[in-house]
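Structure first, then comments.
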Amino acid sequence: MTGAKKRRSAVWRKIQTVRFEDIKIWCLRRLPILKWVPAYNWKENLIPDTVSGMMLAIQQVTQGLAFAVLSSVHPVFGLYGSFFPVIIYAIFGMGRHVATGTFALTSLISANAVERLVPSVSTNFTTNNNSGVRGLSEFEMQRIGVAAAVSFLGGIIQVAMFMLQLGSATFLLTEPVISAMTTGAATHVVTSQVKYLLGMKMPYISGPLGFFHIYAYIFENIRSVQLEALLLSLMSIVVLVLVKELNEKFQRNIKVVLPIDLVLIIATSFACYYADMEYVYGLEVVGHIPEGLPSPKTPPMNVLPEVVTEAFGVALVGYVASLALAQGSAKKFKYTVDDNQEFLAHGLSNVIPSFFFCIPSAAAMGRTALLYSTGAKTQMACLISCVLILVVIYAIGPMLYWLPMCVLASIIVVGLKGMLMQFRDLKKYWNVDKIDW
């Protein structure tokens, strides 16, 4: 009996050891942060990651405000969308230079659901409500509810694709398809911002050939263009393009590029405040920005059947764009990325933040390029940016009340320059393959 007990005890210990090893392997595989944090070289990497994190925070804030507007929700939700998804991806993601957050294409897709289910009937950002973010109207809370539902369902779809091991299936999407999709979407994003650039009041237009109907409406009502908004938009676009071109030209000679987006936001906000442009010229401004983080709340589940189409769009477009950046980072810095793990990381980066009033998220080429140029080493740069974004949410956000909407629209349009330049690929595809063209 004693011998049998000893054998059973030895077998049980072996089983426990095997289980522990299996759990350890599973955790290291599904929680990449457990790998890179213990091995983090604080002496060599902390300074470059800190510098990159500071620059990234500036870009995240400006893009967050802009892409929230693009998503047809209040700008403050873009700040939340620049904070929560970043933390989730840092835990589950494998791309060292992948910065998740608000993204132009997923914001545009989300806007379709928001405008369809909660049409524009008011622009009042300051009416109090008892069921959402303090200081925002019930109308705004209904809108972010739809956007959060799109994010939630899109994330669920991505997690389901992870469970079905569909990460490697993205090879079916060829380069011309992805290039055409992003370029076409970029033209729609620009079109959606024209009303802000011109200071025009216009109804939401969608559906087949909606792109052309928007411009037809603009030309028919060209006399309603607000001259002050148009001039401020042109000035902002010229300044943004010139400074960004100079930053690119001299980036080898300067370690830190000029954060022109942030400078422009601060300068125009002060100018709008001191000149009282909101009332003197009728210039549309961002308005009230609530202070602090919101309490978690379940997205409205009753609208999920209504947003299935947009959720699939967010899931696929966001994943494809993000995976391309993760793979590019892995190739550049010689490490590996698990395509399927990226599905899980981006899925959770949409599901969990949806409980904190976040719009759909994905990685963006501009943020990845920024991390490259500023010498970021790991995801620590993204986590440092979160700390600075938290400072903005709690301390600086309310000061953005006077930021003109036309300036935000200008930032969006100039930020899409890279995608719009892909029109030049048509010549390449024509010379290579007529079907690709």
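Just so you know, glycine gets a Cβ as well, placed from its N, Cα and C.
Because TrEMBL annotations are produced automatically, they should be read as predictions rather than curated entries.
Among the features that TrEMBL reports, domain 'SLC26A/SulP transporter' is placed at 48-436.
Look at TrEMBL and you will find 64-92 (among others) tagged as transmembrane segment.
Tertiary proximity for the transmembrane segment (144-164) is limited to same-chain residues at least six positions away from its ends with a CB under 8 Å from its CB atoms, namely 71-74, 77, 106, 109-110, 113-114, 117-118, 132-133, 299-301, 303-304, 307-308, 310-315, 318-319, 340-341, 343-344, 346-355, 357-361. What TrEMBL lists as transmembrane segment is 144-164 (among others).
The transmembrane segment annotation in TrEMBL covers 170-190 (among others).
The transmembrane segment annotation in TrEMBL covers 202-219 (among others). For the transmembrane segment (202-219), the residues of the chain that approach it from at least six positions outside its boundaries are 112, 115-116, 119-120, 187-188, 191, 194-195, judged by C-beta separation under 8 angstroms.
The transmembrane segment annotation in TrEMBL covers 225-244 (among others).
Look at TrEMBL and you will find 256-276 (among others) tagged as transmembrane segment. With a threshold of 8 Å between CB atoms, the same-chain residues lying at least 6 positions outside the transmembrane segment (256-276) that come near it are 51, 55, 58-59, 61-62, 65, 232, 236, 239-240, 243-244, 247, 283, 285, 373-374, 399-404, 407, 410-411.
The feature transmembrane segment is assigned by TrEMBL to 307-326 (among others). Beyond its flanks by at least six residues, the transmembrane segment (307-326) meets 93-95, 97-98, 100, 103, 105-106, 109-110, 112-113, 117, 146, 149-151, 153-158, 161, 167, 170, 173, 178, 181-182, 185, 337, 339, 342-343, 346-347, 350, 360-365, 368 of its own chain at Cβ-Cβ distances under 8 Å.
Residues annotated as transmembrane segment in TrEMBL: 380-396 (among others).
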Please report, as numbers and ranges, the same-chain residues at least 6 past the borders of the transmembrane segment (380-396) whose CB is under 8 Å from any CB of it.
40, 45-46, 48-50, 52-54, 56-57, 60-61, 64, 79-80, 82-83, 86-87, 89-90, 99-100, 291-293, 371, 374
